[in-house]
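Encoded as structure tokens, the structure appears first; notes follow it.
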Amino acid sequence: MKFELIANDGAARRGRLSFPRGTVETPAFMPVGTYGTVKAMTPEELEGIGAEIILGNTFHLMLRPGTEVIQLHGDLHDFMHWEKPILTDSGGFQVFSLADLRKITEEGVKFRSPVDGSEILLTPERSMDVQRALGSDIVMIFDECTPYPATEDQARESMELSLRWAARSKVAHGDSPSALFGIVQGGMYPALRSRSLEGLVDVGFDGYAIGGLSVGEGMEERHHVLDHLMPEMPAERPRYLMGVGKPEDIVEAVRRGVDMFDCVIPTRNARNGFLYTREGVMRIRNSRFRTDTGPIDESCDCYTCRNYSRAYLKHLDKCNEILGARLNTIHNLHYYQTLMRELRGAIAEGRLEAWVAEFYGRRSQAVPSVP
């Protein structure tokens, strides 16, 4: 992987990631394909809305169908018919989500499979092996996602364990051609975040992710962490904010220098009738759309908006038709890719803050301040 920084506008960055399987323009949003599919979307539709990289889930694919089935096809790209880059998470966040069903030790995490109840030990070495089998273009280290809320002592202990696992992940990754990203932990404590980043840089990674956010904290807490951490992150490496988020969350993180994002929000919300427009979120289940012949968003040129009315989408949703979920998802992911494209253009042209003012103005919201 090669990362090229093309332009800056304040702290915001316009860049490019280059892989043998293709290039990714940054800032970039990665649709989430948990089980080897971005829900309700074909790979061709993903390409059509402008996605250049997607995310796969190591934990879930390891459990079902298992790497042995995927490797019968080649790797995850072949299995799911996606020819562009794939980033896979390490499984750390999913293990964190199991809560009382897992036991963390120095070696790794023991847990009961949610599929068949068998006991599984997931270690940094095992995570690297699985991600290698998946053929990931970007591999994430195995870490412990610090719980929220956490005391400073709890956050420190968790962060230090993650640093030791990071070093083991690097050794296990070996000479794999895939990029390997470290993950900064440390909870809501700036000094611990700095220590985590320092330790990761000492080990040396191809990119650096910020983990342990979007786990229940408020926006002010998240921005406090980002405002402290972003100026310290290596400028020559890509920066990835994991699991974030809503359009306004992405805009604020881009203003602070983040390059990469992933989140299930656009696809999950699409299946639940929440649609993104330039003015904010539209609830298609609202009764006022029953006879509305207009598109979701007059300014949107996605397949859904070019061909279907709000009334039709409300009808499909009311009847629980699969097509409704598909059309809604096409629109929401198109909105996200358009958002990223506009952010890239604004940064490249040195007019990001003017674009941000327009973004919030259309939503009748004040522009948040950035240090």
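Using the three backbone atoms N, Cα and C, a Cβ is placed for every residue, glycine included.
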(message) Quick check: of His228, His331, which does Swiss-Prot put in the same Zn(2+) site as Cys300, Cys302, Cys305?
(response) His331
(request) Quick one: sort out which of 12-16, 267-271 is the region 'RNA binding' according to Swiss-Prot. (result) 267-271
(message) Can you find which of Asp137, Asp143, Asp249, Asp259 Swiss-Prot lists as binding substrate at the same site as Asp89, Ser90, Gly91, Gly92, Phe93, Gln185, Gly212?
(response) Asp143
(request) Fill in the CA-CA distance, Asp143 (substrate binding site) to Cys300 (Zn(2+) binding site), as an integer in Å. (result) 39
(message) Counting other Cβ atoms within 10 Å of each residue's Cβ, which of the binding-site residues Ser90, Gln185 comes out lowest?
(response) Ser90
(request) Between the Cα atoms of Phe93 (substrate binding site) and Asp262 (active site, nucleophile), find the distance and write it as a whole number of Å. (result) 13
(message) On the 0 to 100 pLDDT scale, where does the region 'RNA binding' (243-249) sit on average?
(response) 96
